Each structure stands twice: as C-alpha cells, then as structure tokens.
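Reviewing the structure listed below.
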C-alpha cells in the first residue's frame, strides 16, 4: 500500500560523515556489485566500455567545494543514496502500490513485479535517489541491503549494508535512528547531524554529519628552536676569557 | 524536465478530447444520430488516443491495470479511475444519442464532471510535486482546466463560451509563466539546503560520474531564454490569440477548422515548454541550476 505507516517500529538508516569521507567511491562500487547480484533486477549498464557509458546506480558520490569569505576552499565528498524518508513522497505518488515503506523497520522498497515504470516516484523524490533501469524498465532504489542485514547465512560482521561494510574511512554508519540510545543516534546528537533539504518536509531518516572546521594553522618555524644559542652568558673560564678579550682595545 | 513526446501528446490531445466530452455531456451541442456519432468519435479519438500515447512512456504497460489500486494516495491512480469511468459513462450517454436519439441528462452531467475531473487529476499529478517548484502551484490546475474547457468549447462549436474561456485560458497561461519564472528561487531550495554545507559559497566541484545518467536525462533539461520567449509567443498566439481572432470574424467552417488547428498547435508548444522549462530540484546536486 502506498499509504505511509503512521509510525515504524524501527528507523533503520545511515549516518554519513562528510568529515571523514575521502571520496574514494568504494561504496558506489560495492553497492553496485551487491545489488546487481542480489535483490531484484540487476543494475544494468549501457555502452559501458564505449564512448557514452551510463548505468543504474543506487549510490553516487558528488564532490562540492565550499569557499569561505577568507582562507582556503574546502573540498567535501558527498555520498548520496535513498534517505528512507519518514514522509516519503515517492511512496504516496505510486499508482500501483509497488512502492512501500515497511512498518517493521522503515525501509522504503519497490516491489518490482508491480512496478509499471511510470517514473512518477523518481519525479517526487527531491534527492535523485531513484533511477529507472533502462534494461529492466523498473524503478531501482537503495534497499538498505535488506538482503544482507537480516541474512543469517552471512557472518554477523557482514550484516550491514554493503556500502557501510566496505567504507575504508569509516565514514558510513548503520543503525536504528529511532532509538535515541543507539550508536548512530548518539553520533548524530554529538556531531550535529542534519537533514538534506529539510524544507521539502520529507523527514529523511538518513543523517549527514558536517565537515569539521579546518584547524587554524599557527605561525611557527619548525627548526628555529634547534638553532637558538644554548647559553647567552658564558660562565667560568670561558666567561673570564670573554670579559678579558672584550676589555682589550677593539673589543666589543 | 525531459519533454517526452508521449506525455506532451497525451496532455494536449486528451485535454482537448475530455474538454469536448464535457460540453457534449451538458448537451452543448446536443446532436443526435450521425452528427452525434461524429462529435463523439472525434472526442474519443482525442481522449483515447492521448491516453494510449501516455502508455508509451510506461516501462511495463502490460501491468497498467495495477494503477487503479492506489486511488487513496496517488493522483495518477485517481486519473486512471476518472478517465475510465468518464469514457464508459460517456459511451453509454453517446450511444443513447447516436442510436436512440435519447438524451439521458443525468449520465451526461456525471460524464461531463468526470471528464473535467480527468483533466483536473492529470494536472494534480504535476501540481502535487514539491520537487518541481514551477508546477507546485494552483496555476497549474487552473491552466490545464481552462485550456481544456476553452479548447473543448471551440471544438464543440460553442463560440459564446469558447471566446471568453480561451481569453481566460490565455491569461492564466501567461500568469503561469510569469509567476513560475521565480518560483524555484522563491522556494528556498538551494545547493546549500540540498547539501547542508555551511561556511561559504558552495559549488559543484565534481559530478559522481563522467558520463550522463537517468537523473540528468529525465530531470535536467535546460531551455535557452531566447527559445523560451519565442515559443511562449508562438504558444500564446496560436493557442489563444489567433483562434479568438478567427472566432470574431464572420462564421465560416473553414475559419472554425483553422481556429481548431491553430489552437492545437499552440497548446503543443505550451505543453512542450511546460515540461522543458520545469526545473526539478535534483538538478541542484549536479550544479545545473543557477538558483
């Protein structure tokens, strides 16, 4: 049904740390790999080795430049996938009921055998999270790796979304954002996590952590301390000699 | 938005066909026999032809029947219900006129309301989308409804209604354009709100991929300002100005036919612009919108 549940038991989602993301696109590759071989229709490519390649991806990494009024620009790598919104506009517009939000964990999914490929859900999504597969002609989107996170055949360490499992920088976190005591909720509270396009009223579950401000660079010379004189005033024999020589005509 | 021919043909022809059915439902004109058959045949060719064209943009048209299930939340599903029930009821009403020379007034009125309802639900598919600020406004349904009523009246030969309605439709169209030009800017959605990044001016530095993708093909279509102005003038002139002028002239069937052709051509131009000029906010992530 395309009527959204009034509340979900859990709010499973991702927390993405824009401070830590190095922009390696490993999450993009692992997402494509897992989701091409598992849940639903494969993610096709068109002309992948030709002059004009394109394909279906459920996760893409943008890069933005933030230029402050003074100082150096900061480059921010920005992974973006479905935010599993609480008030998901993509679900309510679906005419067939193919799109739905799960009551048990809040994951937004597409039942591909009901999808007529009208594309309206992708129009309704402000984040560009849904892509129509050109080969299968059905709508594809992030499933939060629903076929990994509950999969008893996988070792426990692997029961997280493929993008989270693969991230070499630890920039992606998975958990229940509906539980204020969960690690992800704590992280959001601690770091000031935010919604994307809050004005759209979609109430995204996924949260983004802001890049930390750059450290101010103190001005110092790294070698100077080693070049300073060890002693300014001579003592003992060297002190007597210094004084005696200074007393001579032409002395200092 | 990508101006897909299937959707442009659908909204232009179906809008006109259901507009004609609206007037036929109210018995304006109220022909019987062969004349009624010709009127209804034209209306059904336009309405059904448009609906068929719209199924070409579906990935899986064979599952279209499922689109009737979610009328409680989905405007597209409501449109499906309105269209089919309007066509069924008007078919019975039309059969009465054609074969039995009987006008079942209740069916006609219900069918007329459903016909206009179809155009209304079509327009709400677009107007409901917050993601396209230009569409997310009352002037979108106003523009679709007045155009359909005016064009339908013109086709039904109801000149005393067609004249003022086409004038109103032209004015609404103009208002839709002028007010729409600043709607993305006024919506408050920017690259800053899209990324949540603070502390300076933000620009898209690198896209996620070197090639294109579905999102760019579907949502990021940019029309040159000059083209847009020219097409607006053509759409307004052919769609509304010239038909009004031709109606003012002494009545002749050739002039009336010209007025209809001119109107359809003009509405095609405005509907192409309706899609081509609509800015989807996802373009912000790709640095493709200046707002």
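The backbone N, Cα and C atoms fix where each Cβ goes, glycine too.
The domain '4Fe-4S ferredoxin-type' annotation in TrEMBL covers A:12-42, A:73-105, A:106-135.
When pLDDT values are averaged over the domain '4Fe-4S ferredoxin-type' (A:12-42), the model yields 95. Remote same-chain residues near the domain '4Fe-4S ferredoxin-type' (A:106-135) are listed as 8, 10-13, 40-44, 46, 54, 56-58, 80-86, 88-100, 141-144, 146, 178, 196-197, 200, 202, 204-205 (criterion: CB distance under 8 Å, separation of at least six residues from the stretch ends).
Note on the domain '4Fe-4S ferredoxin-type' (A:106-135): DSSP counts are 5 helix, 5 strand, 20 coil.
The residues of the domain '4Fe-4S ferredoxin-type' (A:73-105), classed with DSSP into helix (H, G, I), strand (E, B) and coil, number 4 helix, 11 strand, 18 coil.
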